[in-house]
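S.K.: Below is the structure I would like to discuss, written out as structure tokens.
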Amino acid sequence: MKCPGVWGMLTVTMCVVFLGCPQAQELQGHVSVILLGATGDLAKKYLWQGLFQLFLDEAGKGHSFSFHGAALTAPKQGQELMAKALESLSCPRDMAPSRCAELQAQFLRLSRYRQLKTAEDYQALGRDIEAQVQQEGLREAGRMFYFSVPPFAYADIARNINSSCRPGPGAWLRVVLEKPFGHDHLSAQQLATELGSFFQEEEMYRVDHYLGKQAVAQILPFRDQNRRALDSLWNRHHVERVEIIMKETVDAEGRTSFYEEYGVIRDTLQNHLTEILTLVAMELPANVSCSEAVLRHKLQAFRALRRLQRGSAVVGQYQTYSEQVRRELRKPAGSPSLTPTFAGVLVHVDNLRWEGVPFILMSGKALDERVGYVRVLFKNQAFCAQSEKHWAPAQSRCLPRQIIFYIGHGELGHPAVLVSRNLFRPFLPAQSWREVEDRPGLQLFGRPLSDFYAFSPVKERDAYSILLSHIFHARKESFVPTEHLLASWVFWTPLLESLAREVPRLYPGGADSGRLLDFEFSGSHLSFSLGQPEQLVPGPGSTPRPSDFQVLGAKYRESPLISAWPDELISKLASDIEAAAVQAVRRVGTFHLALSGGSSPIALFQQLASGHYGFPWAHTHLWLVDERCVPLSDPESNFQGLQAHLLQHVRVPYYNIHPMPVNLHQRLCAEEDRGAQAYASEISALVTNCSFDLVLLGMGTDGHTASLFPQSPTGLDGEQLVVLTESPSRPHQRMSLSLPLINRAKKVAVLVMGRTKRDITLLVSRVGREPKKWPISGVLPTSGQLVWYMDYEAFLG
């Protein structure tokens, strides 16, 4: 009798080990798994074990497998390294040792190493898989390629797979990608475009391993299974705040080359914690088992995230980090790093469910404990007449009410879902979650474990085992689609850019950090609770803190100049606008304010929305200085920015809001629709003498202001109050207040921020009134006041 070869063992393995021949199922097809980077750290620590678990779970259900470990290493050395990695495979605790040994042996026989370095290597792999399937008479179900390699290698590998290793008709291809997925929005978009030229979206599975952690994976099922109890609670009326936390005790030693490029925000907040945030904040689809519906609702949550500003975050760095960087990367002494190893970020979700609820994201290295959790803290709206000693955990409404998805480690030491007993008794499926016995003396978030209904997994599984199973079964909701990835980078990139030169707060690390990293929030602004102690100075760099300076008053182009650090400047401008509003309302009963768009005023809008409760919004009319010729709902629309960052947060009567009519008769800025004339007529009818109480302008790097551009005479003189103009950048068509109308204002404030404005600031300071070259130079109110508001970077460089 001829003995079967290695690949001929496939059917024998399934028959003997899993099913017994009399009960053997018909094969559902053969699956080839190719692990690229098979000898790397991630593969050794998690991926081979995850693939072994996949083999245990699925081979007995009718599938046959082959496992190809691949790397750049030469065959002999690679085989030795892979064999060493496979030595640590383990079976479930409830499996008999003899059975475990048998299964391990079968898995090893089905696993082989091969070098994948050249196009010819990939061609040979494709031929070998096809030959194996044909030789054994198997039906091919699909091929899984796991990229456990650096992203810079993705393109070449993808090209080779696409050209040489695609399966035939009827079989699937699944390509698994590991982070990082870019460094910012642009790089992520470039990588996504490159991969998209080789693979279809449904073929790609971007891994965020936190989505495989059992407590995180339970968030949506928990919300679904407890809909009745949560429907009335999971909203801004009842939730005080949400905390999404990942703390580590280890530092970045040995990984500083990676950390210098990415830092803590890119490493954990942009991906892991943001993915968790969307699971908490998203609207529940009718069917949480439908991947498409889940992903669609998650994307809606991404799009509802309020834009982050510099004041949305605090950053820190453990004290020995810069020295580690110098040592590992061989940098010269006196070259401190500005890379944050700690970050706290305040996020708001701008929709009806979550308006005003703070989501706190925090992660860091060299902290006092290793722990991860999601904590939903509910408002305490009860008053208890009896003293605290009479409060019963299951009955008293005065005790804290919270739901915690405990990711792991910490005092508890394992994944768990905890619900305060005074909230409701939760349902979790008994086959996968069991109630935790009380552990006297254990305190979680200041309360004994007995205060909670606490559940832990019946069987703990590592994240990669869960995710590999989801890949095998094409459960896309556990992965990051391209559209979600880019939405996340759109959200995080502006903050990362604003922090690029920020000096992080130094902290000793561990328990010695004390209260140094405690932070607090007010409105949309986050700040450390304590000042930086002198003994931790000098830090990395010597940039002074904003609090070291007062607001500076001076002259610019013969008009008053106010200069300060950005936070102080915005605060001063907001206060001045409020003072002007109060004065106008007291004098004539209304305040007419014309606002510019762009990125600079966003911080001002947020400041006005969150910190000026005495502002007479009910008597304020809001106008636009200029508008892009796009629908008002378009992200490029100035009105959309005003709506997102100001209007939805304050009580301005809707009839006092005056967007520019750029979209009439289903057309954008058509001359024959006379939108500019209509806006001018509205101004004439409502604004006395067409004189706004205050006009807020900006200044472009080319000297343009409003949508009045250099080398274009449109809107610089004449009788027209509102004009259509052409911008050199897209979208080209604009509507704008004219320069004569702007100069009728009682007060004009020009806000100029950022180092990129330094050159034009210097140039405009030296020229006369030449609006055709530099439209901003034509701003000079006829009988009103002009005030310049510049941050130090724009003014001093």
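Using the three backbone atoms N, Cα and C, a Cβ is placed for every residue, glycine included.
Pasting the feature list from Swiss-Prot:
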type     : residues                                                   : note
SIGNAL   : 1-24                                                       : signal peptide
REGION   : 25-531                                                     : region 'Hexose-6-phosphate dehydrogenase'
BINDING  : G37, A38, T39, G40, D41, L42, A43, K44, Y154, K179         : NADP(+) 1 binding site
CARBOHYD : N162                                                       : N-linked glycosylation site
BINDING  : K179, H209, Y210, L211, G212, K213, E248, D267, K365, R370 : D-glucose 6-phosphate binding site
ACT_SITE : H272                                                       : active site, proton acceptor
CARBOHYD : N287                                                       : N-linked glycosylation site
BINDING  : R375, W623                                                 : NADP(+) 2 binding site
REGION   : 532-545                                                    : region 'Linker'
REGION   : 546-797                                                    : region '6-phosphogluconolactonase'
CARBOHYD : N689                                                       : N-linked glycosylation site
S.K.: Given the recorded positions N162, K179, Y210, which one's Cα is the least distant from that of T39 (NADP(+) 1 binding site)?
M.R.: K179
S.K.: Given the model, what does the mean pLDDT over the region 'Linker' (532-545) come out as?
M.R.: 46
S.K.: Looking at D-glucose 6-phosphate and its recorded binding residues K179, H209, Y210, L211, G212, K213, E248, D267, K365, R370, figure out the farthest C-alpha pair and report it in angstrom, whole number.
M.R.: 22
S.K.: When you measure from the Cβ of W623 (NADP(+) 2 binding site), which residues in the chain that are at least 6 apart have a Cβ under 8 Å away?
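M.R.: Listed in sequence order, they are H592, L593, A594, L595, H658, I683, V687, F692.
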S.K.: Using C-alpha atoms only, work out the spacing between R375 (NADP(+) 2 binding site) and the residue listed as 'active site, proton acceptor' and round it to an integer in Å.
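M.R.: Distance (Cα to Cα, whole Å): 15 Å.
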S.K.: Return the residues near D41 (NADP(+) 1 binding site), defined as same-chain residues 6+ apart in sequence whose C-beta is under 8 angstroms from its C-beta, sorted by sequence, else 'none'.
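M.R.: Expected: none.
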S.K.: Once the DSSP letters are reduced so that anything not helix or strand counts as coil, what is N287 (N-linked glycosylation site)?
M.R.: coil
S.K.: Measuring Cα to Cα, how many angstrom lie between N162 (N-linked glycosylation site) and Y210 (D-glucose 6-phosphate binding site)?
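M.R.: That comes out at 29 Å between the alpha carbons.
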S.K.: Of K179, K365, R375, which of the binding-site residues has the most Cβ neighbours inside 10 Å?
M.R.: K365
S.K.: Provide the number of Cβ atoms within 10 Å of the Cβ of T39 (NADP(+) 1 binding site), excluding the reference atom itself.
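M.R.: A 10 Å sphere around the Cβ of T39 (NADP(+) 1 binding site) contains 24 other Cβ atoms.
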S.K.: Compared by Cα position, which of the recorded positions G37, Y210, G212, H272, K365 is the closest one to N689 (N-linked glycosylation site)?
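M.R.: Closest recorded candidate to N689 (N-linked glycosylation site) by Cα: H272.
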S.K.: Judged by the number of other CB atoms within 10 angstroms, which among N287, N689 is the least packed of the glycosylation sites?
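M.R.: Each of the glycosylation sites N287, N689 was scored; lowest Cβ tally within 10 Å is N689.
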S.K.: Which secondary structure state does DSSP assign to K179 (D-glucose 6-phosphate binding site), in the simple three-class scheme?
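M.R.: Once the DSSP labels are grouped into three classes, K179 (D-glucose 6-phosphate binding site) ends up as coil.
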S.K.: Hey, does DSSP put W623 (NADP(+) 2 binding site) in a helix, a strand, or just coil?
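M.R.: DSSP assigns W623 (NADP(+) 2 binding site) to strand.
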S.K.: Of the recorded positions Y210, E248, H272, which one has its Cα closest to the Cα of A43 (NADP(+) 1 binding site)?
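M.R.: Spatially nearest to A43 (NADP(+) 1 binding site) by Cα position is Y210.
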S.K.: According to DSSP, which kind of secondary structure is N689 (N-linked glycosylation site) found in, if we only use helix, strand and coil?
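M.R.: N689 (N-linked glycosylation site) sits in a helix per DSSP.
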S.K.: Taking only the recorded positions K179, Y210, E248, N287, K365, which one has a CA atom nearest to the CA atom of H272 (active site, proton acceptor)?
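M.R.: Spatially nearest to H272 (active site, proton acceptor) by Cα position is Y210.
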